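K.L.:
Provided herewith is a single structure, encoded as structure tokens, for subsequent inquiry.
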Amino acid sequence: MEEEDEDGGRGASESTAAATSDRFVRCLYAVGFLDLFGVSMVVPLMNLHIKSLGASHTVAGIIGSLYGIMQLFSSTFVGCWSDIVGRQYSLLACILLSALGYFLLGASTTVFLFAISRVPVGIFKHTLSISKALLSDLVSERDRPLVMGRFNAASSVGFILGPVVGGYLTELKDGFYQTSFLCAFIFLLNAGLVWMLPWSEENTGSRECQQGKKGTDSFSAEANHDLHFKSTTNGAMASDSLFQSPWVQFTTVLKRIKGIACSDLWDIFLVRLLMSVTILLYYSNFSLALEERFGLKPLFAGYLMSYSSALGVLAGCLLGPITRLYQHNTYRILLHSSTLTCTLILLYASARSIWMVILSSTFLAFSTTIGRTCIIDLELTIGGNEASGTLLGVGQSVTSVGRILAPLLSGIAQEFSPCGPPSLGVGLALAAILIMNANKQKYCSHGNVKLKNQ
């Protein structure tokens, strides 16, 4: 009877822990949705606003580049900082400081104030990266691609709806200022949502689950034990690190970044860079190429890109069945999705009719969405969850490098042909595929790469 009571108590604690985890994950989906919903209301209107303030095209370009450069250097530091002080405090700090940036943007009546408003956003707008790191802490390695895919899908819905609302508000008097203040309010709402997440319940549930793990064969129970054990460990470390001096935190961040830089992860980040530049090259002259090759207006290109974004949301929701079909082999999914991306961009570059472009765009929405999720999962699988924030931050920095390189490469390639940028992208995708094939053994071994400081 005592054993039955113990088993019943264990089952109850595990079900409570699972319910807490599910609620936590769903709230993070809402955080991702609100984040991109708020941002996408404002971003399409910023160029028009800065020009209305009297800025030249050069000044507008410099301010835009400044934001990208700040993101490039800050993403690694903020991601690593979240590993040290904990996800709760770093996520709240990033959301609140981003809200401050958008509030300043709503109050910007001069070019100088506009530039100042971009500084806190450029440094601290890493809500999605920290949320992904938190999801990585919460779920098992097996469930991670599915959860990441749903998170990306929720965020993409916000990115689709935001421009519609922003465009409507712009038609009103002082529409840009109202839109910016609304964006700041949405970020404050997001901060409130993060604050109300059941952080203490998560840690309490983790301890109960850790005690009741033995003798359980269910995969879901194992997954819940893993996620709560990681959450407790990270939370304990974070509570100690939060009260360290800023100098100690800074030196710890530098040591962790050095450990990543000296680790054997260069090939994964190189694959991410090559595939990022490939996709950016495909979109870099999309509207112009359709006009020059098929005589289509930019409006059609806009509809086609919105269609692709909607399919990307669907692709994120389909990651669960796809990972089960591949028996949770992330490497094979990434290799096949990258090969499909390469083939479809080649098809687009050589298309003779608009129907071939529509066909390639349809399947590209699936292959690129799946590929982005899988490369993140592979980084975390091989690099280990102990430094998930740092790994995601470095990955985001790598993508930022791609955003800097892609316009330059696109401009050079367009000197030769409208099909130059996607053709160059095909070559880069092939290089990424060859790198993945050359390192197949490491990807399939699932062994964590030891960092130099460990």
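Each Cβ is built from the backbone N, Cα and C atoms, and glycine gets one as well.
Checked TrEMBL, it gives:
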- 24-443: domain 'Major facilitator superfamily (MFS) profile' (DOMAIN)
- 28-46: transmembrane segment (TRANSMEM)
- 58-78: transmembrane segment (TRANSMEM)
- 90-116: transmembrane segment (TRANSMEM)
- 176-197: transmembrane segment (TRANSMEM)
- 265-284: transmembrane segment (TRANSMEM)
- 304-323: transmembrane segment (TRANSMEM)
- 344-366: transmembrane segment (TRANSMEM)
K.L.:
Under 8 Å, at least 3 Cβ pairs, sequence separation 6 or more: does that hold for the transmembrane segment (176-197) versus the transmembrane segment (304-323)?
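P.N.:
Contact criterion not met.
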K.L.:
Cβ under 8 Å to the transmembrane segment (265-284), counting only same-chain residues 6 or more beyond its ends: which ones?
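P.N.:
Tertiary neighbours of the transmembrane segment (265-284) are 305, 338, 341-342, 345, 348, 364, 368, 371, 375, 378-379, 382-383, 391, 394-395, 398-399, 401-403, 405-407, 409-410, 413, 421-422, 424-426, 428-429, 431-432, 435-436, 438-439, 442, 449.
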K.L.:
Restricting attention to the domain 'Major facilitator superfamily (MFS) profile' (24-443), give the mean pLDDT.
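P.N.:
For the domain 'Major facilitator superfamily (MFS) profile' (24-443), the model's average pLDDT rounds to 82.
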K.L.:
For the transmembrane segment (58-78), what are the same-chain contacts with Cβ under 8 Å, counting residues 6+ beyond its ends?
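P.N.:
Answer is 47, 50-51, 90, 94, 111, 114-115, 118-119, 121-126, 129-130, 253, 257, 390, 393-394, 396-397, 400-401, 403-404.
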